[in-house]
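Quick look at what TrEMBL lists:
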DOMAIN    93-128  domain 'EF-hand'
DOMAIN    132-167  domain 'EF-hand'
DOMAIN    228-263  domain 'EF-hand'
DOMAIN    273-308  domain 'EF-hand'
SIGNAL    1-29  signal peptide
Amino acid sequence: MVSKRAFICSLGSIYLSLLFVFLLMDVYARPANNSALKEKAAAENNDENEILPPDHLNGVKMEMDGHLNKEFHQEVFLGKEMEEFDEDSEPRRNRRKLMVIFSKVDINKDKKISAKEMQRWIMEKTEEHFQEAVEENKMHFRAVDPDGDGHVSWDEYKIKFLASKGMNEKEVAEKIKNNEELKIDEETQEVLDNLKDRWYQADNPPTDLLLNEEEFLSFLHPEHSRGMLKFMVKEIVRDLDQDGDKKLTLSEFISLPVGTVENQQAQDIDDDWVKDRKKEFEEVIDADHDGIVTMEELEEYMDPMNEYNALNEAKQMIAVADENQNHHLEQEEILKYSEYFTGSKLMDYARNVHEEF
């Protein structure tokens, strides 16, 4: 005789399987969402965005200014589909999209995701971000290479940069041509100096201060070049290293100012910020756990195409939602912890699953 509990559990399994089938059918029947593409196109029309190296690099664990990338998990799980998940979207639609992604990650179709399957997916999504950067760079390069000769000089870039800051492009070009002094405020000059250092690093030998399209990609996206990745790490260490030993201690890593604490809510934000950085330093970046992060350790941590890092990341991501402790990610677990994977919280998980039937 089948117990009542076993009967209910059996029904629950049938429901989840049916839900998964219906979700797949519904998603594939829906038209593509073009709103994110339109917003992206609008952003790309901004001249300054086109020519300035961004602080945020998709699929890289740390921002170029030394802050942790808070969207990293969503970026390496969702890839280009990340923009389709937001708090304003209809929760049921987001659940369907999430289940479609689950089915793609689950290569052997056993209804659960292993660390190896997640690792493969993370590498695939990271490569997707790489290719996206390459395609965007083609357009950005054309913006700073108006004569189309395939090379951009530092002076040509400087003219475009200052024009994006509101200066008259023709006047700037004329003064640079005649070696006349430019009236530039201190802050803008500091940015220019940093950009010139980055320009030198992106310029492959023989050094001529002319960047081709590939070198310009390294200038905007240092994660595409081992040499530029090293340079980015040096910049981060330089900004955080207080004693000048070119290494980072925990106290140095968590000392980056967050903001002015004016009330308890702001204090809580600061406390969470320090807690997150401490955890990342001790559990991930400091590979040998000696309390010191070297440039080599930070470079390995920052390298988005490091397969070992991708496997560790996969294990950590699964552990977050692995309620039954089987070291795999299952459908109901990823739905319950959707905010971690997609940035969009699917409210009232149990009630919503019931409503699907």
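Any Cβ shown, glycine's included, is placed from N, Cα and C.
Using DSSP to sort the residues of the domain 'EF-hand' (273-308) gives these counts of helix, strand and coil: 23 helix, 2 strand, 11 coil. DSSP states for the domain 'EF-hand' (132-167), grouped as helix (H, G, I), strand (E, B) and coil, give 24 helix, 2 strand, 10 coil. Beyond the domain 'EF-hand' (273-308), the same-chain residues lying 6 or more positions past its ends with a Cβ under 8 Å from any Cβ of the stretch are 57, 59-62, 68, 119, 123, 126-127, 129-130, 223, 229-230, 232-234, 236-237, 246-250, 253-254, 256, 258. If you look at the domain 'EF-hand' (132-167), the same-chain residues 6 or more away from its ends with a CB under 8 A from one of its CBs are 44, 47-48, 50-52, 58, 80, 173, 176, 182, 184, 188, 192, 195-196, 199, 209-213, 216-217, 220-221, 224.
Residue counts for the domain 'EF-hand' (93-128) under DSSP, split into helix (H, G, I), strand (E, B) and coil, are 27 helix, 2 strand, 7 coil. In the predicted structure, the domain 'EF-hand' (93-128) carries a mean pLDDT of 94.
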